[in-house]
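The structure appears right after this line, and notes come after that.
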Amino acid sequence: MKLHLLKSKIHNAIVTSGDLEYEGSITVDSELLKKADMIPNEKVLVVNNNNGERFETYIIKGDHGSRVIQLNGAAARCALPGDEIIIMTFCEIEAEEAPDFKPMVLIVDKNNNPKRRHRIGEEDEQLG
């Protein structure tokens with residue numbers, strides 16, 4: 001049996017902009033993607049901490065070091081610049097692997113600078 005588990009998340013990111021005219025997606029700084037073990041085109045679940053909205057989209061790679069978190073297309077209606085969000089990816093693994101699986105958590109500050117990261121159940125790695 002396969003289980004659908006959290007793979008990684010960027011916690012408390014701040015939306016920097018939105019583009020309603022774009023076809024859809026979320027643009028994320030490529031440095032943050034790498035630190036969070038996420039890749040372009042990966043499906044994400046996004047939670048808006050300001051209003052409780054949840055929506056799915058996919059990742060577009062933003063410029064390295066830009067700290068961009070931009071919602072595009074219809075997703076731009078789900079959160080406004082300045083809103084705090086959580087960006088999550090998921091994976092399927094065999095049930096017997098689940099007890100040892102440890103998702104990656106990247107915590108960012110109010111300017112989307114990486115502060116620390118850890119695998120759930122392990123110690124933080126300080127980043128900034």
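Including glycine, each Cβ sits where the backbone N, Cα and C put it.
Bear in mind that the values here come from a model prediction, so they are computed numbers and not experimental data.
Here Swiss-Prot flags Ser25 as active site, schiff-base intermediate with substrate, drawing on sequence analysis. For Ser25, the entry in Swiss-Prot reads pyruvic acid (Ser), with the evidence type sequence analysis. Among the features that Swiss-Prot reports, substrate binding site is placed at Thr57, Gly73, Ala74, Ala75, with the record citing sequence analysis. The active site, proton donor feature in Swiss-Prot is assigned to Tyr58.
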- Query: In Å, how large is the greatest distance between any two Cα atoms among Thr57, Gly73, Ala74, Ala75, the listed binders of substrate?
  - Reply: 10
- Query: At the Cα level, what's the spacing in Å between Ala75 (substrate binding site) and the residue listed as 'active site, proton donor', rounded?
  - Reply: 10
- Calculate the distance in Å between the alpha carbons (Cα) of Ser25 (active site, schiff-base intermediate with substrate) and the residue listed as 'active site, proton donor', and round it to a whole number. 5
- Item | C-beta crowding around Ser25 (active site, schiff-base intermediate with substrate), within 10 angstroms | 20
- Which are the residues of the chain, Thr57, Gly73, Ala74, Ala75 excluded, whose CB is within 8 A of where the CB atoms of the substrate site average out, their centroid? Gly24, Ser25, Ile26, Phe55, Leu71, Asn72, Ala76, Arg77, Cys78
- Message: As a test of the contact definition, list every same-chain residue at least 6 positions from Thr57 (substrate binding site) whose Cβ is closer than 8 Å to its Cβ.
- Response: Gly24, Ser25, Ile26, Lys43, Val44, Val46, Leu71, Asn72, Gly73, Ala75
- What is the one among the binding-site residues Ala74, Ala75 whose Cβ has the most other Cβ atoms less than or equal to 10 Å away? Ala75
- Note on the structure: CA pair Tyr58 (active site, proton donor) / Ala74 (substrate binding site), Å rounded to integer, equals 12
- Which of the three DSSP-derived classes (helix, strand, coil) applies to Thr57 (substrate binding site)? strand
- Task: Using DSSP with the three-state reduction, classify Ala74 (substrate binding site) as helix, strand or coil.
- Result: helix
